[in-house]
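Engineer: Annotation source TrEMBL lists domain 'GOST seven transmembrane' at 28-268. Among the features that TrEMBL reports, transmembrane segment is placed at 30-50, 57-76, 96-121, 133-151, 163-185, 213-231, 237-257.
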């Protein structure tokens, strides 16, 4: 025999069926609001690129592509959840969501690696070891997205579901660790350059920027992987949306920080450095070995 089962809540005001759980019913609205936020950031970024064309590098166009993919991913997810809430099925929006999620995941990790290497704004090429990191991260992201699709489209009752869940977690952790290596290499290279080229103030500014980015990437990874999971575990099922909103807010803050710190600058402040600032920077670099990676 064929059996069809349906689980839903009934809206007390309208009497309509709601196929999303009580804690997820607010997610379509939240996803759409975050989509608008990223669309606004993309528009602001285009404005900055147009106003500061002389200082724009290839990495800045790639950052714009990441913003657009993130906005499209959120739009597809909002429509996916909205259709499920009203009808119980995604009506094809889940396919678009998986496509944009795949592209967004690969582009975000690639962007972190490229910024960590200083590609296009510090140097026009990638070293062999940096290329190897990219060649490792991209296939791992493909595996992670395949695992995510299997996890989402089935459940704990499915054969090998737990195995796919473990694969996804393992691959995600490996990717998160791998993207830190280029940032560490850039910090070490800047330290060595500061001791040899005599431009202490310039190198101290760059070093400070990359150290800040290193710390922020770690905080972003920790929050979105550990804190968000903890929220999912400890909160009531009625407040499932809180962990999703917390993760999206952290991601939005990370995007804003990255765009602000690595925005194109027309006027180079490094040219206006006097001898006292240079000496102070040289002293600061002597003490810089205290910072441990």
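Quick reminder: no glycine exception, Cβ is built from N, Cα and C everywhere.
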Engineer: Which one of these stretches, 57-76, 163-185, 213-231, 237-257, has the most C-beta pairs shorter than 8 Å to the transmembrane segment (96-121)?
Structural biologist: 57-76
Engineer: Any residues 6+ beyond the ends of the transmembrane segment (213-231) with a Cβ under 8 Å from its own?
Structural biologist: 112, 115-116, 172-173, 176, 179-180, 183-184, 187, 242-243, 246-247, 250-251, 254, 257-258, 261, 293
Engineer: Could you tell me what the rest of the chain brings near the transmembrane segment (57-76), counting residues at least six beyond its ends with Cβ under 8 Å?
Structural biologist: 31-32, 34-35, 38-39, 41-42, 45-46, 49, 93, 96-97, 99-101, 103-104, 107-108, 110-111, 114-115, 119-121, 248, 251, 255, 258-259, 262-264
